[in-house]
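Q: Annotation comment: TrEMBL describes 39-439 as domain 'Amino acid permease/ SLC12A'. Annotated transmembrane segment per TrEMBL: 21-50, 56-76, 97-118, 138-156, 165-186, 206-229, 241-265, 297-317, 345-367, 373-401, 413-436, 442-465, in sequence order.
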Amino acid sequence: MSEQTAPAPTADRGHTLRGSIGVAGIVFLVVAAAAPLTAIGGALPVMLAIGNGPGVPMAFLVVAVVLLVFSVGYAAMSHHVVDAGAFYAYVTRGLGARLGLGAAGLALLTYTAIQAAVYGLATTTLQGLITQYGGPEIPWWVLAAVLIGVVGLLGYRSIDVGAKVLGVLLVLEIAVVAVLAVTILVKGGPEGYSLTSFSPATFFQGGAGIAVMFAVASFVGFEATAIYGEEAREPKRTIPRATYIAVILIGVFYAIASWTIVIAYGPSQVEAAAQADTAGLVFAAAAQYIGPVYADVMAVLLLTSLFAALLAFHNAISRYLYALGRQGVGPETLARTHPRHGSPYVGSLTQSTSAVLLLGVFALAGADPVLTLFTWMSGVATVSVLVLMVLTAVAILVFFARHRVDERVWNTRIAPALGLVGIVFVTVLVLLNFTTLISGSAVLAGVLLAVVAAAFLGGVAVAVVTHPAQSGGVPGHQLGLTPQQALSDD
């Protein structure tokens, strides 16, 4: 395979993403997707109740370390492949077009599923706030339609606009949790300031695998830094920095915030407290340590946290669709960008339409937005993103083994290999506990895992049909290749 080819053709105005987003903007976009307040107010109580109890903070740290090591190779890859397809582009460059499009199928499934899950939780939260303040009971699917419209409007515009909105919302949700954490640390808990949460014995007690599984789900979105490479200032510097900052910020935030909740109830009592009042655990702590008004403010900001996540995932899906359209494996219209905003507006409209259709199926089936929509889709997204990361880790190792474009052994050999081992370990833990994640039905677990497999195999099938003679090379335009040369690359 040769990288020495003719210069790439100049992209026309209608097919080129534009933007000037920096490190801070990208960090806002990806941390917003992780939805910190949602993780602390929603996922944390469940982890404490059915996971490893006071060992949950350590679960967040373990996952953060694994993802940070994985990010070393991921960031190194961003120096050589700048593409809105991110995972899809990386797997393609390392393992070929067929596995690359399989990865694209997994990526689209991951972000579509997690976005659908968040819509379920967001509409329920909004319903609760409306009725709490004397409003009527509005069906969740009506509220979902409104949210899809607002998210779609922002996604249609420049990425800079979305980043600014997410930045404001993110600062608010981090601030409200930080104030609660500091207050708990200042006042102390019923059992003092115990560090037992960070001991190996505490971590491995109870359902450590379940805790790790929810921790992984809470990090989904960190990997989206590479998606914004084409809209970033100096992407070869911006993307690696944003990736490291995002993983560290999310990991430290989750670990400290969850530890303070353990302190608030006491290590010996927090599991029972979470089981007794899972939904209200964190808000009850806020009311106790600061006041009921503050707890109400947190409830409102939980909704804005969910909205920020919806917008972030909308942006990610739109850019994957744009990348697929540009490479000729999807309708060419998906590659169109707005002449004024520079956004992938066709991909954005397509994403909004698909969200309406998917949520419409659940609404017509009379499904519960939390017990069914949120639970099922978050489970699918967790497994899908882990399989996607395994493929990406392998692709990174293969890419740097084939092409001596980076001589940093730690960045291109050791860290990617360690990251692969860590991701495989976490994937096994998740699969062993997957039935628990989706409410205990083995049959349902099998069906949802089949959906993940179908997404991957569907992508492979598209590659076979659209480019039957090719095995790799898409996308190569960022390495100086025309689309035709990219398809024959390898």
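Even glycines carry a Cβ here, placed using N, Cα and C.
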Q: Select the range from 21-50, 97-118, 138-156, 345-367, 373-401 that forms the most Cβ-Cβ pairs under 8 Å with the transmembrane segment (442-465).
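A: Most contacts with the transmembrane segment (442-465): 97-118.
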Q: Return yes if the transmembrane segment (165-186) and the transmembrane segment (413-436) have at least 3 CB pairs under 8 Å (sequence gap of 6 or more), otherwise no.
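A: They are not in contact.
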Q: Would you mind listing the long-range same-chain contacts of the transmembrane segment (297-317), meaning Cβ under 8 Å and 6+ residues beyond its ends?
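A: Here the qualifying positions are 29-30, 32-38, 41-42, 108, 111-112, 114-115, 118-119, 121-122, 125-126, 128-129, 147, 150-152, 154-155, 159, 162, 165-166, 169-170, 172-173, 176-177, 180, 221, 224, 227, 282-283, 286, 347-348, 351-352, 354-355.
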Q: Between 21-50, 138-156, 206-229, 373-401, who has the most Cβ pairs under 8 Å to the transmembrane segment (241-265)?
A: 21-50
Q: Sort out for me which stretch, of 56-76, 97-118, 138-156, 206-229, has the most Cβ pairs below 8 angstroms to the transmembrane segment (373-401).
A: 97-118
